[in-house]
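Annotated features in Swiss-Prot:
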DISULFID  Cys97-Cys181  disulfide bond
DOMAIN    51-173  domain 'THD'
CARBOHYD  Asn90  N-linked glycosylation site
CARBOHYD  Asn114  N-linked glycosylation site
CARBOHYD  Asn152  N-linked glycosylation site
CARBOHYD  Asn157  N-linked glycosylation site
TOPO_DOM  1-23  topological domain 'Cytoplasmic'
TOPO_DOM  51-183  topological domain 'Extracellular'
TRANSMEM  24-50  transmembrane segment
Amino acid sequence: MERVQPLEENVGNAARPRFERNKLLLVASVIQGLGLLLCFTYICLHFSALQVSHRYPRIQSIKVQFTEYKKEKGFILTSQKEDEIMKVQNNSVIINCDGFYLISLKGYFSQEVNISLHYQKDEEPLFQLKKVRSVNSLMVASLTYKDKVYLNVTTDNTSLDDFHVNGGELILIHQNPGEFCVL
């Protein structure tokens, strides 16, 4: 026959599985708590990311017209919109951002003219035409902060009383927003 163990020995052996069961429950609770913490962190990060607006920089652009001619200043550049980022100062378009610019120049003149488009005083012009009555040009130029784009129109005719232009416009559009800008 088999020998039966006394009750005291059974109690001693039974406590060990109960301790391992408590240890297993503790480990499972810790894992659940960490999972809950990770879920809570993910939800908080998700909602905080929704509150941050992803704003792209406004594209630098301007459309100016030149229709009025003054003997001292040449053609006067005027912008039709007040809310444009780029501005006209001292008859020049001020460049605020480094990068490539798409430049369009159009106009029909009443006389033969010499036209040049400059960006710095002592540099070669971006664009130059001699003895023309109209211009319709499109170009890309690399401009930097503090450059000033201005138009120089001259004529050999001494009578400037009837000197005018039809449809004179200059358009500049920055092609790579996000470059160095000072606004």
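Backbone N, Cα and C atoms are what each Cβ position is placed from, and that goes for glycine too.
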Taking only the Cα atoms, work out how far Cys181 (disulfide bond) lies from Asn90 (N-linked glycosylation site), in Å, as a whole number.
21
Checking distant contacts: for the transmembrane segment (24-50), what same-chain residues at least six beyond its ends satisfy Cβ-Cβ under 8 A?
none
For the disulfide-bonded residues listed here (Cys97, Cys181), which one has the lowest count of neighbouring CB atoms within 10 Å of its own CB?
Cys181
Counting by DSSP, what is the helix, strand and coil composition of the domain 'THD' (51-173)?
1 helix, 75 strand, 47 coil
Looking at the glycosylation sites Asn114, Asn152, Asn157, whose Cα is closest in space to that of Asn90 (N-linked glycosylation site)?
Asn152
What's the most sparsely packed of the glycosylation sites Asn90, Asn114, Asn152, Asn157, counting other C-beta atoms within 10 A?
Asn90
